[in-house]
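Some features that TrEMBL has for this protein:
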type     : residues : note
ACT_SITE : Glu452   : active site, proton donor/acceptor
COMPBIAS : 23-33    : compositional bias 'Basic and acidic residues'
COMPBIAS : 45-58    : compositional bias 'Polar residues'
COMPBIAS : 59-70    : compositional bias 'Basic and acidic residues'
COMPBIAS : 75-93    : compositional bias 'Polar residues'
COMPBIAS : 94-114   : compositional bias 'Basic and acidic residues'
COMPBIAS : 173-188  : compositional bias 'Basic and acidic residues'
COMPBIAS : 203-213  : compositional bias 'Basic and acidic residues'
COMPBIAS : 221-237  : compositional bias 'Basic and acidic residues'
DOMAIN   : 276-551  : domain 'MYST-type HAT'
REGION   : 1-128    : region 'Disordered'
REGION   : 173-237  : region 'Disordered'
Amino acid sequence: MPRRRQRAMAGSVSDGTEDSDSSAEREQTHSSESDGNMPKRQRLTRASTRLSQSSQDTPDLKRAAEHDESPPLTPTGNAPSSESELDISSPNASHDESHTKDQASRDSDKDLSHRPKRRRCHETYNFNMKCPTPGCNSLGHLTGKHERHFAVSGCPLYHNLSADECKVKAISREKQEEEAKTQEENSSRHATRHQTPTPKQSKYKEQVAEMRKGRNAGQQKEQKEKHMEHRQTHGNTREPLLENITSEYDLELFRKAQARASEDLEKLRIQGQITEGNNMIKTIVFGRYELDTWYHSPYPEEYARLGRLYVCEFCLKYMKSQTILRRHMAKCVWKHPPGDEVYRKGSISVFEVDGKKNKIYCQNLCLLAKLFLDHKTLYYDVEPFLFYVMTEADNTGCHLVGYFSKEKNSFLNYNVSCILTMPQYMRQGFGKMLIDFSYLLSKVEEKVGSPERPLSDLGLISYRSYWKEVLLRYMCNFQGKEISIKEISQETAVNPVDIVSTLQSLQMLKYWKGKHLVLKRQDLIDEWKAKEIKRGNSNKTIDPSSLKWTPPKGT
């Protein structure tokens, strides 16, 4: 008996070193029977496993198990790594029954001991992910459509809501969206070429204006104390209280935008395009600011997994720690962007940087911009582009305010490919300055320009505001009787398509007796004049006389 067992062991380890004829016959026999006997073999495997486990205490059962059919082994003789391998017949299955029984029982024990552990590890990976908000159990979602969340963007507690409140708001939003969709279909079905607002739309606009009247009234003393107490208690772990800061209408719009953004992030997380906490940079240290990022940027993995990135505000090199940044700043000789300074007025300067001559700087600029832009796709192929970088100077250097890029040779006459204002300089007029500067370059080139589509949400808002201001200024200074969209386009360098869409949004374009008429709405012009007087002599404007630039040739 020991000799037979030794020979059987050698046969099981040899892994198919028997005669080719006999092994081929066995393979053919097993392959023909494998499909029809799968359920039977699984039952026999479980039966033989139970018998082998109880064989130590019950000799009678052991003898009975010797007459049972032995379970199949894997072709390599190793422990099966999956359930599918248990159904594969082994070339060594015809060896001594006592050996195959013992070997199968050992392999089955290994299989049973390993498989549940793998399953538990997978479950632990999913359920160990936890929302970083203190006191949150990761249940519910801001959108009201998911049972769990793992990021602050979807946390109801962070947004001072409960999971049930989020579900109620989600149902309300869906009803409003269905009603709006139905109204849009009905209006488009009966629409004329340039339809004026319906009485229902005009009434709704008046209601919105009425709701927004009290949004600048300010908070009462009790409300301010409540807000301060909430901030002192929770700090940055909770969203500030937003009630009574603005009108209920604007607050609801903001909540809808939050839910929509959270839903988009959840879809990206499910698709695996972003992974919260592992390969997403959450904050960057940039000069004297620490900025929260908005979107994923394809920095190298060894930097992205850190969560916080340290960036030199002059050369835009990215580093892993504060110590490395401090040593770099002591040696960095850059105090402004590379390239030519083509504009300067006061502390504001604009530098023209060639993507071909300063490739590394432009690539770093694109990676930095992607942290705050959703639709940006250009990171490394920067050679066909020129970058116009706006800076604000002080005694330490020229600090990055924003930039826009444009193709050297644009077939569609796009004057902007990508535009960004850094978050610390937003809502200060720098975005309009960048847009105005891009159109100033188009005027010098004697071209009509337009931004490349699609525009980001903030970019679309900025451009619509700029086009509105340009048209109202033109209308205010216009003294003639007949106005031409072509003349407006030639003087302002704005594309006629953008002019028409802006006039339509302002309800200044009407189709009458086969002709398009531009209406000079004095109420809008007076409103714009009042804003200009209130703004005063701001330095956030572009002075064409300060531009020192000639269009590049042969680039």
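The backbone N, Cα and C atoms fix where each Cβ goes, and this holds for glycine too.
Broken down with DSSP, the compositional bias 'Basic and acidic residues' (203-213) shows 10 helix, 0 strand, 1 coil.
Taking a C-beta cut-off of under 8 Å and a sequence gap of six or more, Glu452 (active site, proton donor/acceptor) has these contacts in its own chain: Leu412, Tyr414, Val416, Ser417, Cys418.
In the predicted structure, the domain 'MYST-type HAT' (276-551) carries a mean pLDDT of 90. Residues of the same chain lying 6 or more positions beyond the ends of the compositional bias 'Basic and acidic residues' (203-213) and with a Cβ under 8 Å from any Cβ of it are 197, 247-250. Same-chain residues lying 6 or more positions outside the compositional bias 'Basic and acidic residues' (221-237) and placing a CB less than 8 Å from one of its CB atoms are 133-134, 158, 243-244. In the compositional bias 'Basic and acidic residues' (221-237), the DSSP tally of helix, strand and coil residues is 17 helix, 0 strand, 0 coil.
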